[in-house]
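*Asks:* Could you have a look at this structure, given as structure tokens, before my questions?
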């Protein structure tokens, strides 16, 4: 009987990797912008001045589509973590792909807003449940963002490769203010819980905006050094619209809620609510101008800098969700300052948002069908699978050694004939047909 080999031989040429395995292995956190872009559609449509029941039905369809995409992404990434833990950890630690991890929290935010819009009015969802969802979102934002910040800042990064998308690590905390004012829509101003939601919304909105503002400053330094971003990074220019746009939207709406909540509880001073609203409106107007500037600043060179490659389509979803903030703010400013022209601008931008979604969704499906995205190579899957095979083979060798020793010593627990030579030889040659990895290996087809 030959002694067991210390290494597992290369059997990759004899193993067929299924499309499903390559899809699961190739899935990434960059899938969440698709759902966020879908959420951007119904959030934008919900703000239209003239609103019909047909439009609400369209928004509801996008809401359920967003939830389906969210479940698909979370389930696939969970399977990846179970079946290919090395790849899952690799994505989290990757300096480029790792910044997309917090987008799972942003996708959750769009679902909460959709639930408030389409679940509470018909009575399907109780406001108490929405209140609990708010604190679940705050907790999730903190739990996800801070560990990812620790991982990301634990290694150096080149400013010449900087993109505003790196600010995604902060975005979930910045969106707390947006989620807060939506939650306050279904909570009475006289309810004491409204105070906590209001204060938390302002707190995290300030934290998130100023942190992302530092990223924007680095973005300006980067393009001063290298010129406009090109290739897939050209999409990142629109991410810069997000922080000022969403903060302007949050300030206006939180200020309007503060005008009702603070006097109802006799807090600070009798005029505290009015003063806070006025200050919020002023700050929102200033930030709105900055957001519009970054939109124009990114749009003008966009077509000339973008690489028209189908495998880079996921980055193009930055055309949708970062722009929702300033587009929605346009309508709120129209209501606040009674500017009819802003309603027209808002309508035009919402239509462009829907057109962008249709084009991007069609191209994303085409890229998926052609295997340009979310598709790993055979050798990548086998590389991460072989480590599991090696571990299983090592366990098999140890078990075989135990059985051999027990059989030779006449151990009472060993009964019946044992083909020890065949078992040890299987561990030595590393044949996949004797190694079963929780259903990954098939004894006949060696299919993964």
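Using the three backbone atoms N, Cα and C, a Cβ is placed for every residue, glycine included.
Below are the features I grabbed from TrEMBL:
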TRANSMEM  27-48  transmembrane segment
TRANSMEM  60-79  transmembrane segment
TRANSMEM  99-120  transmembrane segment
TRANSMEM  132-153  transmembrane segment
TRANSMEM  165-184  transmembrane segment
TRANSMEM  196-221  transmembrane segment
TRANSMEM  233-254  transmembrane segment
TRANSMEM  275-304  transmembrane segment
TRANSMEM  343-369  transmembrane segment
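Help me understand the surroundings of these features in the structure.
*Replies:* Remote same-chain residues near the transmembrane segment (132-153) are listed as 92-93, 95, 98-99, 101-102, 104-105, 108-109, 112, 115, 166, 169-170, 172-173, 175-176, 179-180, 183, 197, 200, 204 (criterion: CB distance under 8 Å, separation of at least six residues from the stretch ends).
Listed as Cβ neighbours of the transmembrane segment (165-184) (distance under 8 Å, sequence separation of 6 or more from its ends, same chain) are residues 99-100, 102-103, 105-106, 109, 112-113, 116, 130-131, 133-134, 137-138, 140-142, 144-145, 148-149, 152, 157, 194, 197-198, 200-205, 207-209, 211-212, 215-216, 235-236, 239, 242-243, 246-247, 249-251, 253-254, 256-257, 261, 318, 325.
Note on the transmembrane segment (196-221): residues 131, 134, 138, 141, 159, 162-164, 166-167, 170-181, 183-184, 187, 240, 242-244, 247, 250-251, 254, 257-258, 261, 294 of its chain, located 6 or more positions outside it, place their CB under 8 angstroms from a CB of the stretch.
For the transmembrane segment (275-304), same-chain residues at least 6 beyond its ends with a Cβ under 8 Å from one of its own Cβ atoms are 216, 228, 234, 237-238, 240-242, 244-245, 247-249, 251-252, 254-256, 258-259, 262, 269, 323, 325-326, 329-330, 332-333, 336.
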*Asks:* When you check the transmembrane segment (343-369) against the transmembrane segment (99-120), do you get at least 3 Cβ pairs under 8 Å, counting only pairs 6 or more apart in sequence?
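*Replies:* Taking Cβ pairs at least 6 residues apart, the transmembrane segment (99-120) and the transmembrane segment (343-369) are not in contact, as fewer than 3 fall under 8 Å.
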*Asks:* Any residues 6+ beyond the ends of the transmembrane segment (27-48) with a Cβ under 8 Å from its own?
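*Replies:* Distal contacts: 55, 58-60, 62-63, 65-66, 69-70, 72-73, 76-77, 80, 91, 97-98, 100-101, 103-104, 106-107, 110-111, 113-114, 117, 314-315, 317-318, 320-321, 323-324, 327-328, 331-332, 346-347, 349-350, 353-354, 357, 360-361, 364, 374.
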